Amino acid sequence: MKDLLDIMQSPTSNGNHEFDSIQITLASPDVIKSWSHGEVKKPETINYRTFKPERDGLFCAKIFGPVKDFECLCGKYKRRKFQGVICEKCGVEVTTAKVRRDRMGHIDLASPVAHIWFLKSLPSRIGLLLDMTLRDIERVLYFESYIVTEPGLTSLEKYQLLDDEDYYKALEEFGDEFTAKMGAEAVQDLLKDIDLDLEIDELREAIPQTGSETKLKKMSKRLKLLEAFRNSNNKPEWMVMNILPVLPPDLRPLVPLEGGRFATSDLNDLYRRVINRNNRLKRLLELSAPDIIVRNEKRMLQESVDALLDNGRRGRAITGSNKRPLKSLADMIKGKQGRFRQNLLGKRVDYSGRSVIVVGPTLRLHQCGLPKKMALELFKPFTYNKLLSHGLATTIKAAKKMVEREEPQVWDMLAMVIREHPVLLNRAPTLHRLGLQAFEPVLIEGKAIQLHPLVCTAFNADFDGDQMAVHVPLTLEAQLESRALMMSTNNILSPANGEPIIVPSQDVVLGLYYISRSSVNAKGEGMIFATVNEALRAIGSNDLHVNAKIKVRVTETHIDDDGNRTKETSIKDTVAGRLLIWNIMPVGMSFDECNEEMTKKNISKLINSCYRKVGVKESVMFADQLMYLGFAQATLSGVSIGIDDMVIPPLKKQIIEVAEAEVREIEDQFEQGFVTAGERYNKVVDIWSRTNDKVAKAMMDNLATDKIINAKGEEEEQKSFNSIFIMSDSGARGSAAQIRQLAGMRGLMAKPDGSIIETPIKANFREGLTVLQYFISTHGARKGLADTALKTANSGYLTRRLVDVAQDLVITSDDCGTEQGLLMKPHIQGGEIIEKLGELVLGRVTARDVTYNDDAEKILIPAGTLIDEHWVKVLDNNAIDDIWARSVITCEIEHGVCSQCYGRDLARGHKVNIGESVGVMAAQSIGEPGTQLTMRTFHVGGAASSASVDNSISVRSAGQAHFENMKTVQHTDGHLVIVSRSAEIALTDELGRERERYKVPYGSSVLIKDEEQVEGGQTIAKWDPHTHPIITEFAGTARFSEITDGLTATVKVDDATGMSSFEILATRDRSSSAKDLRPAIILNTDEGKEVIYFLPAETIIRVSDGEKVAAGSILGRVPQASSGTKDITGGLPRVADLFEARRPKDHAIMAEMSGVVSFGKETKGKNRFIITNEDGEIHEELIPKWRQINVFENETVARGEVIADGPQNPHDILRLKGQTALADYIVNEVQDVYRLQGVKINDKHIEVIIRQMLRKVEITDGGDSNHFKGDQVEYADIKALNAKLEAEDKFPVQFERQLLGITKASLATESFISAASFQETTRVLTAAAVTGKVDELRGLKENVVVGRLIPAGTGLAYHKARKEKAEQKLQDKDLNAAFDMSATTDSKDFASFDEAFAQELNQGNH
């Protein structure tokens, strides 16, 4: 293997393979000439009679090299001995035919041609340099107008466009004092004339003076481009070509088909076109043809070169004979079928095969069954080797013959070869890393691959015709990696959430569940056994039924943290069958873990606890044994489905009759006009969905229990042994919803647009459906299938974007030493805790010391501790509410992440290793469940939304209440009224652990005091959900200002009470004279101050003029528009929106700074909202009038507080509240979507993606750097730059963190290779070429593209070693230089030499 690597690394004919970076630049005419081996002068390709390439044509052997190895075209020189000879007759060099793949030619263009990429790829680089519009440049290039290139002493301006008429006029007027040209020639001259240094200096002076934003943007763009040209040594005139390179002929082949036709690459057509036009143009110029003809020919040449480079970018695409657009050079590299994605990132692999999979229930977890035929083919070379080394064959040829005849010895050799040589199995689509795992092959007859049932979950495989691919790791290193890292036994835990993925399902669960269930009056009930073995013997001899309840003496072994073992014996009440499970459990587990009904959840818990307690090896063996036991017992249990198992509940008829009566009643009300059509529909749908639930409940109650006569002859109820119930209850197959359709009623169906059909299907499948019912149900079924197809594509695209943005994130060091982190709190929704603190911080490292609640000096957990299961218990027992934990987002390493900030590797259960590619892992973990998410937008309307309005808070459990952020006033009635916006009430238990937390709206009445003890179920706060109160915080006298009936207000009389009150009119409803009046209540407080409350439109005033009011009184109420039907984006589209950082429509408006609120003069459709802070700074913004503003005049708001409700805008959260708040928001929102589908993903994965979204910053002030306001720069670069500036006592750069969506972030990555292979290839490559960008090959993708080991996992060490070797070389070079210097010195120079040597050494070390 080492020799192989040496061969690969040895210098070959084309120089050394080793390189550290790749640069892309514009090619100058000289460079193109230097690549070329000759000029292509003729459009001919090959002679159709002799099939020999034409001389000077597109396939010319003289230019590009011989067609056959070591043979010239005319046949004078054949064979290897003439290598390097150039034939005198045909001019062909005698060499390998392979050179036709890399020898290029060129075409000398008769007139310059602009490169379409730099012209049309937006922003147009030529346009930006010349500071002209694209439209104008095109008019010049395509010969519509002249452009003045040299105005001389005339009144014309440089860059002025002249049409024919103007040009001839100017000629008459000025003669030849000026120069004006057209075509690419003119553009080339103008580009040549640009003095980069001068332009740059002018712009640098002009930029600080500009006031307008748009001008500033344009100027800084232009300046950037000019500097890029200056720094990259690209010359602007190179964007116009005088010489066109020709691709080597073997990369644009011409293949003869039968029948004398040829299949050819489209490029040949395109080149032929260019050559024809070029030759014609040369002839016309020699003949000095009329200007108009030459012009037309030049234009056609420009168009043909455009088509060759990028067909269809300008005008209509040129089509071939079959009406299809021809594939140009640009099309070759972009898109899914382009070079990047088809050939560089997705190669096909040798030594592989694929076949159908079948189940292998007798295999061990690390094995797979490989068909003999397949194994023989895959391991052929290895088998030849064994045959030779064992002397069974003398030559390779003989061995080959033996293998072809399939002689008996061959199989023995194959078995030896295969022994302990793992193979990789892969099932497409490979959505996460567990879709490719290593197994040891076991030779089997037949043609199908056998797969172990427990790995099906990871592969998402089933046996209904799925196929899988087999790959053979050839080298020793590859075999080692397969065994150590990819073996199925080393991948027990899922990388997404750290829980076991090797969990039995379906039949196995059914078998285990059956034997762990107890049954009354089973054979052997009540027996008592001295040992487990006795009981097992009784089961074996049929004296004891597996479902019988018995007592047995059990000996358990406990292992403590230090590995000490203690034994404990006790008598347990159990079910006989559970002893079968106990019998295979590893030593160190407790009996209670298997002494319960083995549902799928419990089995998963059992395997998880086994892994944590006794490690990988035991767990794998246990999982295998569980599977064998489950399969055997499922067979013995005889569970099967009969039609009588679907028991229809006797109550069903009665329940449905009641519902029908209710529906009739509503129909009557509708006919009499008491309810609207919408209300009727909502109520009917409501009734039927309630009815469906009632039927389902009756059915489940009926199914779930059996009545049975026990040993004493009494009737007692027990859990049912109905087959369908057993399957559903164990989690093996089917759900309550499916059983409901079999034996309950099918219920309401949806139309394809998602709306519900109000006629339900009252029948179930057992009763059978009528034609109409069947017809209704086809809607839903078909929509389901269509949805699935759509979902798969969308989910795949999301995964691709995620992988692309995160691919270069790798663990690069052990500790970055940061003290930053995120503050972790339990996740709370609707008052209850969904995720405990322990679950959130498990596997993370503490960023700061965790101290005791009652004593902040005493340290409970020191900073830098990895929190494992033991520490989680400590946290729970000490009632810790929040922890500062390290996070990927706050990691301070320049490239990659450090292992302390990442914490535990979820798939291995220990601290993450250096080199683990956490980025790709995160992307896969988030993308893989994507297909399980829904695609739909939820319409919450009518009955559903009206019920969900809360108007009070009742606590669930007893505890002590704590008020947070709460500002209250005491009302005269004694209760407190809240006058702050973000008030919360938290509830803690007797240990001080937070149990519940509630947000309390503004204006609520709080019915308890701070720190008061409350009972479970007690109401602690209430409010009116339909109005928004205006509350006074002071007592005093109310006085009306500008509130006049008919002008700014109207009098409303309440029908029920007969009381009248004022209602403020909206500005649009007032007469013109009253438009500018601002109705308000002025409160003269008892302290003698004046407080003004401005009243928004539609306020209903609750006090009268001159009335005395108490503190906490309500002055007025603003009705809340009931939020009708809102569409909630759910599922996959929601996740995509969050990661793309899209700004939601009508998003929440947040306070830009802390201060006091006031309202300025209104405009036509907007309110002027003003915040004044303590220093008197003012922030103004205009808010549309239809937005409901939550705050009133003179209220104090904090920065980032919500002023107008709506969906949150992540960019605002980042700007106003910082990155911790942003991380919390995105993590929680994404998790809510996944949680709804019951998918568990660790928060760390989402944080990894957020880190990548926060890579860039926007500069707000360039300081003493050469950056400008508005530049987008990498965060890491700016940090390094600022450190440097501060060290030199200069002004650092001021910047704001930016949040980029994942697509934008992928395209903005430092590596142009990675960006180009993702999307918008043309744009990325154009931008990179102009700036002469260097790709440092840091990420995974770039390295795959150039064909190196990736800098992750085992490849990271290889790259580190390479780097160290390079640095060593540099140091040696410096030393040698120092010694060379000493050779030329005199003895008296020795002192100075020593200094020089020391300096050299120091430089070398840096």
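Just so you know, glycine gets a Cβ as well, placed from its N, Cα and C.
If you look up Swiss-Prot, you'll see Cys72, Cys74, Cys87, Cys90 marked as Zn(2+) 1 binding site. In the three-state DSSP scheme, Cys72 (Zn(2+) 1 binding site) is classed as coil.
Marked as Mg(2+) binding site by Swiss-Prot: Asp462, Asp464, Asp466. DSSP classifies Asp466 (Mg(2+) binding site) as coil under the three-state reduction. In sequence order, Val356, Ile357, Arg427 are the residues of the chain that are 6 or more apart from Asp466 (Mg(2+) binding site) and have a CB within less than 8 Å of its CB.
Annotation source Swiss-Prot lists Zn(2+) 2 binding site at Cys816, Cys891, Cys898, Cys901, citing sequence analysis. Cys898 (Zn(2+) 2 binding site) carries a strand DSSP state (E or B). Sequence-distant contacts (6 or more apart, same chain, Cβ under 8 Å) of Cys898 (Zn(2+) 2 binding site) comprise Ile811, Thr812, Ser813, Asp814, Asp815, Cys816, Cys891.
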Cβ-Cβ neighbours of Cys72 (Zn(2+) 1 binding site) (radius 10 Å): 25
Spatial neighbour of Asp464 (Mg(2+) binding site) that is closest, considering only the binding-site residues Cys72, Cys74, Cys87, Cys90 and their CA atoms: Cys72
Cβ within 8 Å of the mean position of the Cβ atoms of Cys72, Cys74, Cys87, Cys90: remaining residues of the chain near Zn(2+) 1: Ala61, Leu73, Gly75, Lys76, Tyr77, Glu88, Lys89, Gly91, Val92
Minimum Cα separation from Cys901 (Zn(2+) 2 binding site), reported as the residue among binding-site residues Cys72, Cys74, Cys87, Cys90, Asp462 that achieves it: Asp462
Cα-to-Cα gap, Cys74 (Zn(2+) 1 binding site) vs Asp462 (Mg(2+) binding site), nearest whole Å: 62
Assigned conformation of Cys891 (Zn(2+) 2 binding site) - DSSP reduced to three states: coil
Largest tally of Cβ atoms lying within 10 Å of a Cβ, found at which of the binding-site residues Cys74, Cys90, Cys891, Cys901: Cys901
Cβ neighbour count within 10 Å of Asp464 (Mg(2+) binding site): 5
Protein Cβ atoms within 10 Å of Cys816 (Zn(2+) 2 binding site), excluding its own: 19
Three-state secondary structure, which DSSP defines for Cys87 (Zn(2+) 1 binding site): coil
Listed in sequence order, residues not in Asp462, Asp464, Asp466 with Cβ within 8 Å of the centre of the Mg(2+) site Cβ atoms: Ile357, Ala461, Phe463, Gly465
Among Cys72, Cys87, Cys90, which are recorded as binding-site residues, the nearest neighbour of Asp462 (Mg(2+) binding site) by Cα: Cys72
